[in-house]
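J.: Before I ask anything, here is the structure I am working with.
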Amino acid sequence: MADTPELMDEDEPFFSNLDIFLFSLIAGLLVYWLIFRKKVEPIPEFKKLESVAQTTRETSFIDKMKKTGKNIVVFYGSQTGTAEEFSNRLSKDAHRYGMKGMSADPEEYDMSELSRLPEIENSLAIFCMATYGEGDPTDNSQDFYDWLQEGDADFTGVKYTVFALGNKTYEHYNAMGKYVDKRLAELGAQRIFDLGMGDDDGNLEEDFVSWREQFWPAVCEHFGVEATGEESSIRQYELKVHSDLNMNKIYTGEVGRLKSFENQKPPFDSKNPFLAPVSVNRKLNKAGDRHLMHLELDITGSKIRYESGDHVAVYPINDSVIVSRIGEVLGVDLDTVISLNNLDEESNKKHPFPCPSTYRTALTHYLDITNPPRTNVLYELAQYATEPKEQENMRKMASSSPEGKALYQSWVLDSCRNILAILEDLPSLRPPIDHLCELLPRLQARYYSIASSSKVHPNSIHICAVVVEYETKTGRVNKGVATNWLKSKMPTDNGHKATVPMYIRKSQFRLPFKSTNPVIMVGPGTGIAPFMGFVQERGWLKEQGKEVGETVLYYGCRHKNEDFLYQEELEEFEKTGVLTALNVAFSRDQAEKVYVQHLLKKSKEAVWRLVHTDNAHIYICGDARNMARDVQNAFYEIAEELGGLSRAQAVDYIKKLMTKGRYSQDVWS
């Protein structure tokens, strides 16, 4: 026994196993804390990284430009496709000046990389920026706009120019283009050519062409380069005809995912619209030569949510008669299955529209064949006119000469000639249909103010619209694509339901947060749409026992017995006290025309009390060109007369209401 303690002294470790385990654990935790604790702190510099990081798509436009030898990048903020179209035209122009351009969607790239642009010799960033709604950025440039506002990037050495697309009848004309132009300069970038201002109320195409004609010589002078003189047409896509493709691999009108119309999966958006069955389609007007309609789209089970004041976007299809006629004129089998593949393999845009598809599908679902073509389309197609005079006139219309501009204005725009009318009126012009399909712009979704409240109608969305149909100077009858298509969408009971591809676009047009605030709504014609939702919602709030402020509507139409839309519903709302006052202007029921602005001035004391004393919110919906301006002037006059203000002070007073979100407009031109 005496030897035992000695043996233990030699063999027993200084630390027990438990000590070693605890020590290792503590050391491990300490190392982990030191190494990994900072991983959670950095915030991505550019917010867009959060959504694109999950995709494998390259987010560095700088790396892509270096890889493909490009030195000009043309970013576009586009809602209806025009800015994207202008962007493509500018990137194609670059080759004529010995440069190489690429068109880019800011939503797809890390825009913080803009500061790296000077790494590329003779580089230039062009921005084609459209303004949407009340001076807002387009959906695809929202993140870029937010980042510009919040960021403090250093753009020293970055050279840029901006072309803005807007409409002068709107309060915030070209706000987005002006902001990008100003902000880039504030962050140190160098403007190499003046901001271009495109006005869609005038002639947007002419504004763009005139700006472009001066822009490129300025670029040449700045970089010391000369035009190569190459004016030839350059194809962006090559045609591939498919002879034995499985029908399941062919697009039949889907916007994004193949077979997405057969196999619907939420969430639904612009790339994945929901096929909503039409549950109601009725004519609203009792008489007259117009067709005003009320549709209800069933969104049961779609998980789609909307608020009063939001817009519903629908994807229409073209008239099959026009589509077939184009095929006849060009002598083409429209059911040929084709793909148009981008010749630039590095481009994110592999096809001009979903491919493979047939010519018929492309002309029916994907391409705009009813709007007058822009000058670049005429220029590119001119080479196919075999009659010299016809070719000369087409080239002339695409030029910037005063004579050419006047010819384009009168022969194309004023005469409302679409591509079919041009082909019919220029018998020698017979282009290859694949080149025509490459050049035509995409058919765009159409937006309608939702005419219902989700509180009352959670499973349906209501649309109020007027069917567009008119005779042109050439004696042809032109029909609005979307409204005529919607008119034909009748709910059926024979097992086949008519459906409409749709999604929701959120809006800033919102009822006051406090239900006690009074509201003044001004909406003649189909401008009544969002106010049907507002009034339904105010009625619902009352039913819930909430205190609701005064709800005043100014509505206008031509004749009481003809086109007083939703007359029964509105009169019932007035009877039950949901509408405090229903003021209706029947413009043509008497010798002198009476409009909503006249009724506003007639009840000026009540209007001024609601606005100045009771914090009323004002809402205007409808025509931007005349009505919205006249209504705004009426508010100026009321503020002058009853507020004792000068005109300048009255204008400032209304501007302040706009800034506070108490004067909102949902207008179109």
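Any Cβ shown, glycine's included, is placed from N, Cα and C.
According to TrEMBL, the record shows the following:
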type     : residues                                                                       : note
BINDING  : 78-83, 130-133, 165-174, ASP200                                                : FMN binding site
BINDING  : ARG290, THR526, SER587, ARG588, LYS593, VAL594, TYR595, VAL596, GLN597, ASP630 : NADP(+) binding site
DOMAIN   : 72-216                                                                         : domain 'Flavodoxin-like'
DOMAIN   : 271-512                                                                        : domain 'FAD-binding FR-type'
TRANSMEM : 20-36                                                                          : transmembrane segment
J.: Over the domain 'FAD-binding FR-type' (271-512), what does the predicted model average in pLDDT?
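T.: Over the domain 'FAD-binding FR-type' (271-512), the predicted model scores a mean pLDDT of 96.
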J.: Find the shortest Cα-Cα separation between ASN167 (FMN binding site) and the binding-site residues ARG290, SER587, LYS593, GLN597, and name the residue that gives it.
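T.: Looking at Cα distances from ASN167 (FMN binding site), the smallest one goes to GLN597.
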J.: Relative to the Cα of TYR170 (FMN binding site), which of the binding-site residues ARG290, TYR595, GLN597 has the closest Cα?
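T.: That would be GLN597, nearest by Cα distance.
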J.: Cα of GLN597 (NADP(+) binding site) to Cα of ALA130 (FMN binding site): how many Å, rounded?
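T.: Rounded to a whole number, the Cα-Cα distance is 30 Å.
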J.: List nothing but the largest Cα to Cα distance in Å, as a whole number, among the residues ARG290, THR526, SER587, ARG588, LYS593, VAL594, TYR595, VAL596, GLN597, ASP630 that the record says bind NADP(+).
T.: 24
J.: Give me the Cα-Cα distance between SER78 (FMN binding site) and SER587 (NADP(+) binding site), rounded to a whole Å.
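T.: Between the alpha carbons of SER78 (FMN binding site) and SER587 (NADP(+) binding site) there are 37 Å.
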J.: Restricting the comparison to the binding-site residues GLY81, ALA130, GLY133, TYR173, which residue's C-alpha is spatially nearest the C-alpha of ARG290 (NADP(+) binding site)?
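T.: Its closest listed neighbour, by Cα, is GLY133.
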J.: When you rank SER587, LYS593, TYR595 by Cα distance to ALA130 (FMN binding site), which of the binding-site residues ends up on top as the closest?
T.: TYR595
J.: So if I draw a 10 Å sphere around the Cβ of LYS593 (NADP(+) binding site), how many other Cβ atoms end up inside it?
T.: 12
J.: Ten-angstrom check, please: count other Cβ atoms within 10 Å of the Cβ of ASN167 (FMN binding site), all chains counted.
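T.: If we count other Cβ atoms within 10 Å of ASN167 (FMN binding site), we arrive at 21.
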J.: In the structure shown, with every protein chain counted, which of the binding-site residues GLY81, GLY133 has the densest set of Cβ atoms within 10 angstroms of its Cβ?
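T.: Result for the most crowded candidate: GLY133.
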J.: So which of the binding-site residues is most packed in, judged by how many other Cβ atoms lie within 10 Å of its Cβ, out of TYR170, TYR173, TYR595?
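T.: When each Cβ's neighbours within 10 Å are tallied, TYR170 leads.
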J.: Between GLY81 (FMN binding site) and SER587 (NADP(+) binding site), what C-alpha distance do you get in Å?
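T.: Checking the Cα atoms of GLY81 (FMN binding site) and SER587 (NADP(+) binding site) gives a distance of 36 Å.
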J.: Cα of LYS593 (NADP(+) binding site) to Cα of GLY133 (FMN binding site): how many Å, rounded?
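T.: Counting only the Cα atoms, the answer is 30 Å.
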